[in-house]
Amino acid sequence: MSSYVGVVVSDPWLHSQFTQVELRTLKSKVNQSTIYNLQSTIYFNSNKTLLERFTVGELPPLVAPLMRMRSNLYWTSLMPILLIKKSISRLSSGVQARGVEKSGGSKASSSSSFLKTSTTTVHHAINESEKASYVSHVNSYLRDDPFLKSYLPIHPATNAFFDLVKDGVLFKLINLAVPGTIDERAINTKKILNPWERNENLTLGLNSAKAIGCTVVNIGTQDIAEGRPYLVLGLISQIIKIQMLADLNFKKTPSLFQLVDDTQDAEELMGLAPEKVTNFSSDVKDGEAYAYLLNALAPEHSSHVALETKDPTERAKKVLEQAEKMDCKRYLSPKDIVDGSANLNLAFVAQIFQHSSKSTSFSEMMTDDVETSREERCFRLWINSLGTATYVNNVFEDLRNGWVLLEVLDKVSPGSVNWKHANKPPIKMPFKKVENCNEVIKIGEELHFSLVNVAGNDIVQGNKKLLLAFLWQLMRYTMLQLLKNLRSHSQGKEITDADILYWANRKVKRVGRTSQAESFRDKNLSSGIFFLELLTAVEPRVVNWSLVTSGETEEDKKLNATYIISVARKLGCSIFLLPEDIIEVNQKMMLILAASIMYWSLQQQLDTDSNVSEDATDEGDANTVTGEISNLSLDEASESSLVQDQELLTKADEDKDEVDGDGDGENNNDA
């Protein structure tokens, strides 16, 4: 694997304004196009010298020419933002913006001068109070960790926290939030790591953070390696939030029912996300809400003193004193309450509910549908990883108005949605929701999804089986399109399930391994050996075979399955399955896992020019995928896949009228 080199901009201010992902895109655009005319439009006057200064009031005429430049939409969207940021920051610091004389030469030198122009350095402000709270959280929860105890406690006034994030804290926090997410055997733990090993660790961390629900769009491994404070704190805050809210639901925290009206529907309440209780900023600043909450949940530790106190800061102190009697960790100070720090207040509320001991009979009404819950989790995390505008907390509730599904469809198939026909939330009229969902079904049919006897109203009514069947087809379509778009390997032809299976088997066989999969239903896949051999085939050094078990017992299978997931994420695969999916040979998840490994492998070959022989070898694989694969009777394989999708939808359709489409937890792995 080639080492990763981040894009470095000599100008600190410019460097601080973009993530590594954005910088790489910017560099690509600079290399591909000229900005000579752009610079001329913005900075030149008739004497061909740069404008010496500009103010906020002068921005409109400077930016206006950009908006007319339709030949380069990227620069059109980037430069106005850059100019405004630069102008405001300079004016606020009392520094006049001064230009730099245009240097002669080629277009490339013009591009270079743009990136290297000296300017006032502006840093992203970070909330020191939040930083101190996150440091306290790490010190408290990880103080006994064998790997980190020699580094803890961290002093919040230093930057040691950011160094530890890239050296291990990130992994530990993720496993605290969702235990078992990262198999620590997959982490490179040498005292001194080379660039490849460090990058692998950070890739594992970012993909694992994504897999538990963090939004990591536009955050790259180099950003974490550099310890960029505002990005690191943003990621850490998401992980801690997930940890604190993990048990904040009506099943594990039935005391929540004490805060709602008895007439409200229990099923609807159970679908609410923890953070749906808002606002954690202005609404709690005076401390009264906390005082009432503590009186309701723990009257034995509460009194009316807090409510009778007039001064908000004093009331906040009383509230924290009462919370400490419930063994709540102090995540915030009285000042944080008064200032309305949203993240810290959210963590504090989560602590209060977690330490509330009361129970109600409502918890007995709740039953777990393990299979459905697992699929819901997978699709929810996948949707959120796409970077859609709307964050999904519960698939069965948040997708019923059709809007999120339209956002997802527009992401995976750009231009497929006619937004003029879409109704934007909040949607009060039921028929508007049906219109959105009908549009979803229409687009699905255009993408050749199997949707016989499925109508938009089924989604609105919350038919779980039909919705899961639709989401599976959507996820599968997305993965197959990614593979298809690697044109040097597919020549633009459609990729099928059989192609992926053939590629995986051939890849394993060509490195001298013996495992072969008859299908993605093959029960032998439960041992995990095939996928470990496939991972070894695409990257020989990524699997430590001394850690691999025979996969014969249930415990051995679980060890292998957790290791497979972490190793795949360490390579760079974005996957959302659980060890149970491998152990039980969930056909759908087996396909996605193999496709993700295939996509990563082929993508690496496209990005690397150094090994000609390897390229030639894999080109042979590609030709086989598109040529010799005809020996596998692809029409039959594709037809089989469609039949399986239809079988699931038919079964779901038959169950439509059962308990209002809630589903019965039946295993649908054959879909």
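From the backbone N, Cα and C atoms, a Cβ is placed for every residue, glycine too.
These numbers come from a predicted model, not from an experiment.
The feature compositional bias 'Acidic residues' is assigned by TrEMBL to 655-671.
For 128-244 (among others), the entry in TrEMBL reads domain 'Calponin-homology (CH)'. Per-residue confidence over the domain 'Calponin-homology (CH)' (128-244) averages out at a pLDDT of 89.
Taken from TrEMBL, the feature domain 'Calponin-homology (CH)' covers 256-357 (among others).
The domain 'Calponin-homology (CH)' annotation in TrEMBL covers 373-479 (among others).
As annotated by TrEMBL, domain 'Calponin-homology (CH)' applies to 494-602 (among others). Across the range of the domain 'Calponin-homology (CH)' (494-602), the DSSP-based residue counts are 71 helix, 0 strand, 38 coil.
Annotation source TrEMBL lists region 'Disordered' at 636-671.
Residue counts for the domain 'Calponin-homology (CH)' (128-244) under DSSP (helix as H, G, I; strand as E, B; rest coil) come to 73 helix, 0 strand, 44 coil. In terms of DSSP secondary structure, the domain 'Calponin-homology (CH)' (373-479) contains 68 helix, 0 strand, 39 coil.
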